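Engineer: Have a look at this one.
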């Protein structure tokens, strides 16, 4: 829906947005993104972590943004302390979680009818043993359903899955809601019917 966007043939599967440490953004402004450091990962990156909004610059703009904003902070962990490790580990976690097949196994697939958010949550929690954070676009004017937009998994510093509960006194980095075009994603409501669209219009 963004007038300048270039979202041609968006993938019909869940892709990666990023791997974000809880604290800090842009931790090292001199550590610039260098695509040659991840050249071995490029085919997986293009598939699992596509930039659907910018076609220019070889489609590396999204990765550059994620590295500079989040990767430079994540790099305080030894397992993430290079661009290759940061992007490689994000791909590994994505493939291990395999959200696409989990939802299918639970019978949750894109549909023109609505889901109950509690059913989606229950399926994910049962499958993974932890509570993820599910984010939605709120209903548009005159509509009654929210649209599922993003599913966030939380990890310990050892990169083990944990519940996505905001610990007391810990600020929630995503509370500054993510802007998707002009729309904002926020934590889904448990009571609104939920739309999981098969085609992004």
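The backbone N, Cα and C atoms fix where each Cβ goes, and this holds for glycine too.
According to TrEMBL, the record shows the following:
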ACT_SITE  17  active site
ACT_SITE  66  active site
ACT_SITE  70  active site
Engineer: When a 10 Å sphere is centred on the Cβ of residue 66 (active site), how many other Cβ atoms does it contain?
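Structural biologist: There are 22 of them.
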Engineer: Taking the Cβ of residue 17 (active site) as the centre, count every other Cβ atom within 10 Å, in any protein chain shown.
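Structural biologist: Excluding its own Cβ, the number within 10 Å is 17.
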Engineer: Using Cβ atoms only, which residues of the same chain lie under 8 Å from residue 70 (active site) while being at least 6 residues apart in sequence?
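Structural biologist: Counting only residues 6 or more apart in sequence, the Cβ neighbours of residue 70 (active site) under 8 Å are 18, 19, 20, 21, 25.
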Engineer: Could you round the CA separation between residue 66 (active site) and residue 17 (active site) to a whole angstrom and send it over?
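Structural biologist: Rounded to the nearest whole number, the Cα-Cα distance is 8 Å.
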